[in-house]
Amino acid sequence: MEAVIKVISSACKTYCGKTSPSKKEIGAMLSLLQKEGLLMSPSDLYSPGSWDPITAALSQRAMILGKSGELKTWGLVLGALKAAREEQVTSEQAKFWLGLGGGRVSPPGPECIEKPATERRIDKGEEVGETTVQRDAKMAPEETATPKTVGTSCYHCGTAIGCNCATASAPPPPYVGSGLYPSLAGVGEQQGQGGDTPPGAEQSRAEPGHAGQAPGPALTDWARVREELASTGPPVVAMPVVIKTEGPAWTPLEPKLITRLADTVRTKGLRSPITMAEVEALMSSPLLPHDVTNLMRVILGPAPYALWMDAWGVQLQTVIAAATRDPRHPANGQGRGERTNLNRLKGLADGMVGNPQGQAALLRPGELVAITASALQAFREVARLAEPAGPWADIMQGPSESFVDFANRLIKAVEGSDLPPSARAPVIIDCFRQKSQPDIQQLIRTAPSTLTTPGEIIKYVLDRQKTAPLTDQGIAAAMSSAIQPLIMAVVNRERDGQTGSGGRARGLCYTCGSPGHYQAQCPKKRKSGNSRERCQLCNGMGHNAKQCRKRDGNQGQRPGKGLSSGPWPGPEPPAVSLAMTMEHKDRPLVRVILTNTGSHPVKQRSVYITALLDSGADITIISEEDWPTDWPVMEAANPQIHGIGGGIPMRKSRDMIELGVINRDGSLERPLLLFPAVAMVRGSILGRDCLQGLGLRLTNL
């Protein structure tokens with residue numbers, strides 16, 4: 001094969017130039033053609049009659065497997081062979097120019113029967129015949145200056161006409177001193193001794209025939225035999241079906257690879273890219289029906305396996321239909337032998353049932369390729385049916401979710417859907433514009449029109465987020481990480497100190513101002529008919545905050561004693577700690593972040609709301625529209641809120657809530673811990689308990 005590769009490579013370099021294939025590519029192509037049965041020997045490639053079948057077979061293989069490397073190499077080789085043929089560069093002339101010419105030799109004499117076969121070996125690529133003129137020119141006597149052809153002069157006496165020698169009609173013995181037979185050791189030794197070979201010995205080695213006698217058989221071409229043995233040896237590839245010296249053989253799959261694939265399917269699922277990559281790698285080489293069915297039975301459950309069997313049968317029926325229309329289909333063995341059928345492809349024919357060795361021996365290479373490709377396509381269909389992807393239209397970016405995480409969920413859902421590949425990118429970009437947070441939507445709206453792919457949109461948003469101010473999710477994450485140690489310290493201190501029933505930390509009492517209990521548990525609470533109650537504004541007795549005469553002067557602040565429900569004492573004297581421009585002149589609205597500090601698992605740990613600063617409300621009330629549905633609440637001691645419109649049912653948060661006010665520049669005020677009330681009101685209200693805890697006073701600055 002090496003000699004054929006060298007000849008073809010030289011021709012390709014001559015006629016193809018820089019695009020000529022390498023010797024490695026030519027050797028791989030020749031090995032494939034021999035394996036498919038398209039060439040009995042590499043030298044058969046010189047025959048123009050084999051060119052069209054080779055082109056058809058490689059084209060069909062490229063369409064089935066999607067691999068066009070061998071087809072491209074064959075196209076270059078075919079062009080070189082056709083160019084050489086058009087220039088009428090025959091094989092005899094090429095061998096003559098390269099010094100590789102040979103000739104027929106009669107059967108050896110008795111003296112040569114005992115010689116080893118290596119002495120009779122000839123180089124690969126030699127022709128068994130040669131023209132009479134060339135042969136006689138080589139066998140001219142050494143003392144003659146000009147070669148003499150047979151029929152014009154006698155070999156012994158040199159007479160041109162009228163020779164009566166008995167050997168006049170016989171051709172001379174072959175010239176054994178040429179370099180055409182480098183392995184003939186006996187001839188080389190005789191030449192090394194410096195003596196001419198006797199004519200008798202020459203005749204005994206290769207006795208010439210007489211006139212009219214048929215030429216003897218050629219010597220065995222051991223170079224060609226060596227090529228045949230090398231071509232039938234096991235290839236250096238990892239295939240379940242290998243070709244050995246004694247014929248095709250079946251080798252089992254690696255158990256570790258199957259175990260790892262089964263674990264990947266169980267942990268990652270059928271639609272995972274890792275699973276698909278491992279399945280494609282394991283089925284990259286032809287598999288027997290025995291291996292295919294057992295592999296799918298291991299990695300698939302009962303229901304997916306039943307779906308796969310049906311899908312595999314449909315794919316095999318497609319192969320059979322194509323093979324029926326084309327007699328030279330690869331599954332039909334290029335027209336040699338019987339046509340393929342469903343029983344053969346499923347391994348149910350005679351001699352194949354439950355017998356992998358029989359399947360390896362009886363199935364053609366084209367059938368093995370079709371079986372494996374159909375099984376892989378059926379597996380892809382089952383993966384889409386057994387594990388459908390979630391609806392991409394319902395995916396939205398959460399309040400505290402980063403844009404990258406949102407993009408990951410969206411792209412995974414879109415790629416797992418049934419959308420055509422050409423429509424996936426526009427759908428992803430449209431979801432970025434509609435399903436992301438408002439600040440991200442604003443960035444995407446201001447993006448240049450040249451950004452047309454999801455990757456460009458993601459990169460643009462990430463670059464802008466690096467230079468833009470903190471977003472809501474960034475503020476929530478930063479505040480949560482900074483306040484969490486302080487929250488735990490406060491909770492631990494309250495547990496170690498003053499606790500009420502149930503072990504829950506208590507704030508300040510609204511009646512007596514003492515810590516450790518609520519107003520409902522206050523021992524000094526006003527009895528029915530008792531007019532001695534404490535004012536929450538001036539700390540006086542006998543009246544309440546609504547009746548206090550100092551209400552207009554201090555806006556409900558008590559001099560000398562803070563009423564914060566959190567761990568921070570109230571400022572003395574009260575001062576403005578929050579300076580901001582309200583969104584409305586007549587209604588002081590602020591942006592607030594609420595963080596649940598409890599251990600109860602919730603979907604969203606932080607939410608953003610808009611609340612009204614109301615110094616006339618005793619407590620902070622969160623509207624049920626703003627309150628997350630999965631945040632736990634409990635019944636309050638006072639089940640109603642009394643206002644101008646009457647009583648409103650009220651509940652209370654079971655977990656401690658961290659409340660922070662966000663300024664216009666994105667900065668945060670000092671957070672506050674409290675248990676807010678939850679009621680069906682039109683908007684959330686920050687009452688006096690929150691204002692006092694923040695040290696806030698509303699004025700007309």
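Just so you know, the numbers here start at 1 and follow the chain as drawn.
Positions of Cβ are set from backbone N, Cα and C atoms, glycine also.
Looking at the stretches 267-278, 351-362, 579-590, the one that Swiss-Prot records under the feature region 'Involved in capsid protein dimerization' is 351-362. Per Swiss-Prot, the listed range annotated as motif 'Nuclear export signal' is 219-229 (candidates: 32-42, 219-229, 626-636).
Of all the recorded sites listed (Asp418, Asp430), Asp418 has the fewest other CB atoms within 10 A of its CB. Under DSSP, residues within the region 'Involved in capsid protein dimerization' (351-362) fall into helix, strand and coil as 7 helix, 0 strand, 5 coil. The helix, strand and coil residue counts that DSSP assigns across the region 'Involved in capsid protein dimerization' (290-298) are 9 helix, 0 strand, 0 coil. According to DSSP, the secondary structure content of the domain 'Peptidase A2' (609-690) in residues is 3 helix, 43 strand, 36 coil. A distance of 17 Å separates the Cα atom of Asp418 (site 'Involved in capsid protein dimerization upon acidification') from that of Asp430 (site 'Involved in capsid protein dimerization upon acidification').
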